[in-house]
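Here is what TrEMBL says about this protein:
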- E1224: active site, proton acceptor (ACT_SITE)
- C63, C68, C71, C93: [2Fe-2S] cluster 1 binding site (BINDING)
- C133, C136, C167, C169: [2Fe-2S] cluster 2 binding site (BINDING)
- L400, K418: FAD binding site (BINDING)
- Q756, F787, R899: Mo-molybdopterin binding site (BINDING)
- 22-111: domain '2Fe-2S ferredoxin-type' (DOMAIN)
- 227-410: domain 'FAD-binding PCMH-type' (DOMAIN)
Amino acid sequence: MGALESSLEDETLQSTKIKNLKEIRFHLQDKEHVVKTEDIDPNTSLNFYLRNHLHLTGTKVMCREGGCGSCVVVLQNKDPVTHKNIFLAVNSCLVPILSISGWKIYTIEGIGDPLNGYHPIQKVLALFNGTQCGFCSPAMVMNMFALYESGKLTMEEVENSFGGNICRCTGYRPILAAFKSLCGDANPELLGQYPDIEDLVVCQREKCGWEYIEKCDEMAKVPTYTLLKNSSKWIRVHTLRDLLKTMRSFTSSTYRLVAGNTAQGVYLSYANPVDLYIDVTSVPELSGYEFRGNSLILGANITLSNTIDVFRKIAQTYPNFSYLNQMANHIDLIANLPVRNRGTIAGNLTIKHDYNEFPSDMFLLLETVGALLTIVTVDGTQTIQRPSDFIKSDMKLKVLQKITLPEHPKSVKFISYKIMPRAQNVHAMVNAGFLFQFRTNLQLENVTIVYGNINDEFVHASNTEKILKGANLFDNQTLQAAFGTLSLELQADERPPDPSPRYRQQLAISLFYKAVLYLAPDHLLSPKNLSGGPILQRPVSNGTQDYETNQSLYPLTKPIPKLEALAQTSGQAKFIDDMPDLPNQLYGALVLAHAPPNSRIIHIDSKKALEVDGVVAFFSKDHIPGDNNFTPLGIAFISSEEEIFCSGRVMYYQQPIGIVVGRRDDIVQYASTLVEVVYEESNVEPLLSTRQILRSGRGDRIINVRTVQPRRRGNDVRHVIKGTFDIYQQYHFHMELQCCNVVPTEDGLDVYPSTQWMDLTQIAIANMLNIPNSRVNVTVRRCGGAFGAKISRNGLVACAAALASWKLRQPVKLSLPLRTNMAALGKRFPLSMDYEVGVNDSGVIQYLNCTHYMDVGAQANEDLSNEMVTLFMSAYDPDTFTIDVNKTITDTPTNSWARAPGSLEGLASLEAIMEHIAFSLNLDPLELRLRNLKTGVPLAPYINDLKTWADIDARKQEIDNFNKENRWKKKGLAAVPMAYELVIGGPYAAMVSIFHGDGSVQVGHGGIEIGQGINTKVAQVCAYKLGIPLEKVSIVPSTSFAAANSLQTGSSITSEAVCYGTIQACDQLLARIKPVRDRLGNPSWGELIQECFAEYVDLTARGQYSPNEPNIQTYEVYGACASEILLDVLTGQYLITRVDLLEDTGQSMSPVIDIGQIEGAFVMGMGYHTTEQIVYSYEGRLLTNRTWNYYPPGARDIPINFNVKFPKNNPNPVGVLKSKATGEPPTCLSMSVPLAVRHAVASARADAGEAIGWYPIDGPTTVENAFLNCLNDYTHYTL
């Protein structure tokens, strides 16, 4: 706006009697807070204010789009529909601070802490071992707190309410078990352990600010406006009249109506600045509901959660509105609970209006049932529109006021579907709505067919609607005509990373068929088709954990929660980004190369970025005084130097080229987009996969690593089987993003990285700055998840932050946004394999020729070929194997370790071959495996134990019977064994100090707590060795001083290794203490230590684990796992109905810690094999770069029945205290899931007339993958 317009509109504010607010008041916990509006802007979120102004860092931040749930807080406010005070979980990252005037907010710090006592929800999550890294734990607690405050709950309600809370560590089972134990209908295994939910805690409502809320209600009768520092205005209105009057008064301004603000989580453009923000959350005419005649009228601004409640209530009372129950069920699948608590119908429809490609479920539902929208202009004129007309209309200076829903008699049938790549918290691949109006003779009077996510323009299948009018729906000829017409008018477009047009078109047709099967009278259907109509229904999950302990060794082997559990569940546990700002604090943001691989940087111009107020500096490779390299040679596993900042040739799209530094994180993130880079374009096509390299004949991109030659070749070759195998990248999805804080000291740097490898960080920074290693002090308290991503990849982040801090001599924080984190850094190594295997009639392998290609990304680093080959050869007789191992260089970020690196790929590739053999010869897959077992590997007992424990033979027979009786639902079961060789390495240091004042003990070690419970195990071992209570032992943060030169935390060995070092240190201390103890007779521990101190006994000792230590040797972890799934052939969706996992853990040091590791590892592997798909554009730009389009498993994706068993009486003779590692091997066993899907799909393929049941592993077995391989053809769709 110009100055004159601004002046005129300021006068308008006065003339319209809008009250000027210069501050926002709200209650946080039980204290009123005042926010000066001059300090904030419209995009200042509640999350930012809590963390950066109030320093309440228990509330985390990660995705900033409402997709991960780490930022959940609880809102207490008056419900606009019921007028009752309510408690709602909301995503604080999407809540503008300007919208919370008069609210009461609860954060994790306000419901329980060590000073005032922990809330029972915090306690129960800790007691059930529901935390690992702990980053997601505060938000899990707050989500449950909102449910608890809302009243009595069922287990089903609890389990359905965590779709928006992602946890990468635990596998969700213990979290859900903890919270379900608080429900009135908890099963006997859970009920009684803890009080019922209504008895949890005395509600503090007498001091919860109800009077304050009522007072604010009285005050909030007139519009208010706030002038913001960016010259925009925020106006809050309380009536429709005031809303229209305000809009009428500012016709020349750009404006935005603000309600839930959840659209920012979908399209970032909704964060773009406008002149005027109008807060409509308090307008009652837009949020209530009423009956008028035979219609239900909703205020368009009613929240999705309230809509569900209203619909279910009315559906139970009014028969002609019973269809609302189906609508409520569908709305429950929109986004997640915190988003639905704030998001509104009007907001959802507005996104569809602004972006027609958006697969809006609300639009689809309202269009299908014949709803009408009332639009009101600023002069009060009302128009009525169908939703399909609304999305094409000009809505400038108009308001979506009401939604009118008609009644539908029993002769009208409504069905809708939302097919998603996982169970919750994701947009539709295809959604569909059908409304059938029947005559008394079952002929159709009318029909409505609506689809979403076909293409930008498609709404109605109009031609199909026409041919069905007057037709008999339950007639095969009618159906085939409808399917044929649908196939012609459903022209799905290409829209990566969404599923293929082929899938979306075929799925849309099958959904119409599914609806017909659901509606058809049973007597008209073939018995085999009856089960095709209902959707998959997931029951409440359950599971068992079977292990033994040895009380004589307690606290060793005792099942205890993590030491940090209560600190995590109460938000007291601090992560890198939670560290308070220091004087002169600066922030950094990486600048990325937005150019295809093999482009060349000609010039970098940072002028525009440096002109932004608050920006201090820009640094690139030209500013590095030493090595431009974050993977220094000369340390273990590193074979290639990788650039911190691009030196010229762009190696992959979005490679870091520099860092912008400034006084606020949001400022530098914005400024980083202003750095201008001139490139010389590449004329070389990017090569993004191994198969692309092989097709192109680019032998220069293939590096041969080794060839394993066979010892013999069998002579009974009866069958030759050939195939391919391909698995791709997996993003680690650590909840704490890559970050690092660097603080300059008088002689160097204090570095606080989120790393798994202090030694690499220290050396890389020192080499970059050309200073001694000793001047770089590295400290790590914990990481919020890592999974291998923070072994070497964090080195780039740490070096960039250290460079800025060193150059400016000021503290610098660098935390990567999720999109940068996903795009700029490498992921799990993809593996491609071609194989030919000759077998006899019994399936015994006579020869196997296979060629493996490990895609290392842009540079060949972190060689995992040994781990891959070792696992490939570990279970079955390898004497006839010829294995050619290669690396391929692709134009993608250099890939890195990911949980079970190399091992997962090795087991998955070989098990795919074994399953292919079993399919080809029609052999029992487990019997085939038993025939091929490697001599001397004791896997047979594990397989046989699994068969008995999991009742596999009987279940297989039941599955065969089920599949014969059902055409459109199929079951599958697969089992895989595992012999996982644990690789040893080192060194790993540990230091133990005993304090003479009270005899308490402190341990520092070279491992990093990343959620695996390493600190808990170390404390248990220390207490056991010293013979003292566990409470006397505490673990301090890991430092490069106390544990210098320690290897990375990874490969599952670190917990054992630092426990070994701790044992060494304790043994030294016990030896020093022994003479004093012997002389004193039987002193107490405190007396003993006091006397030792008095006699100058050194009470600090250091131990070290390394391969050179006596009795340190490799060993194998054995296991077996069976997975069963239930497949809906007409959609491709499937439920993992049961998993039975048996793993050899030796004598577990800490059983519930190990159970948690096994469950979490399995679910992470399960996600890799089922839902987590990485997609690049043709030029190498990552398209799956956010929670909107990358899908790790959620709480309702885990196995419904998840059973874990440790073999009893099974000590490891060469393990530390007879234990075995557990962190990574179970990831490999998740291969049983995609193999189980293939058994179900094979039955569908047979029914479709395909003799070959097997189809290759080609990336994750997604819903799309399962559907397309079922070979569905609409000519098979009959009654």
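Keep in mind that glycine also has a Cβ here, set from the backbone N, Cα and C atoms.
Report note: the Mo-molybdopterin site is defined by Q756, F787, R899, and the residues of the same chain whose CB lies within 8 Å of the CB centroid of those residues, excluding them, are H732, H734, G785, A786, G788, A789, K790, I791, W897, A898, I1010, G1050.
For Q756 (Mo-molybdopterin binding site), the nearest of the binding-site residues C68, C133, L400 in terms of C-alpha separation is C133. Between the CA atoms of C71 ([2Fe-2S] cluster 1 binding site) and F787 (Mo-molybdopterin binding site) there is a gap of 22 Å, rounded to the nearest whole number. Note on the binding-site residues C63, C68, C133, C167, C169: the fewest other CB atoms within 10 A surround the CB of C63. Secondary structure counts, DSSP: the domain '2Fe-2S ferredoxin-type' (22-111) has 20 helix, 31 strand, 39 coil. In this view, the densest Cβ surroundings among the binding-site residues C136, K418 belong to C136, judged by other Cβ atoms lying within 10 Å. Other than C133, C136, C167, C169, the residues of this chain whose Cβ falls within 8 Å of the Cβ centroid of the [2Fe-2S] cluster 2 site are, in sequence order, T131, Q132, G134, F135, S137, R168, T170, M735, G784, G785, G1011. Proximity to L400 (FAD binding site), judged by a C-alpha distance within 10 Å, picks out none of the recorded positions C93, C133, C169, F787, E1224. Annotated pair C63 ([2Fe-2S] cluster 1 binding site) and C136 ([2Fe-2S] cluster 2 binding site), C-alpha to C-alpha distance, rounded: 12 Å. On a Cα basis, R899 (Mo-molybdopterin binding site) lies 29 Å away from C93 ([2Fe-2S] cluster 1 binding site). The C-beta environment of F787 (Mo-molybdopterin binding site), restricted to residues of the same chain at least 6 apart in sequence and closer than 8 Å, consists of R168, H732, F733, H734, A898, R899, I1010, M1164. Neighbours of Q756 (Mo-molybdopterin binding site), defined as other CB atoms within 10 A of its CB across all chains, total 27. Cβ contacts within 10 Å of L400 (FAD binding site), excluding its own Cβ and spanning all protein chains shown: 24. In this view, E1224 (active site, proton acceptor) is surrounded by 28 other Cβ atoms within 10 Å of its Cβ, with every protein chain counted. Across the domain 'FAD-binding PCMH-type' (227-410), mean pLDDT in this model comes to 94.
If you measure from the Cα atom of E1224 (active site, proton acceptor) to that of C133 ([2Fe-2S] cluster 2 binding site), you get 15 Å.
Using a 10 angstroms CA-CA radius around C68 ([2Fe-2S] cluster 1 binding site), the binding-site residues that qualify from C133, C136, C167 are C136, C167.
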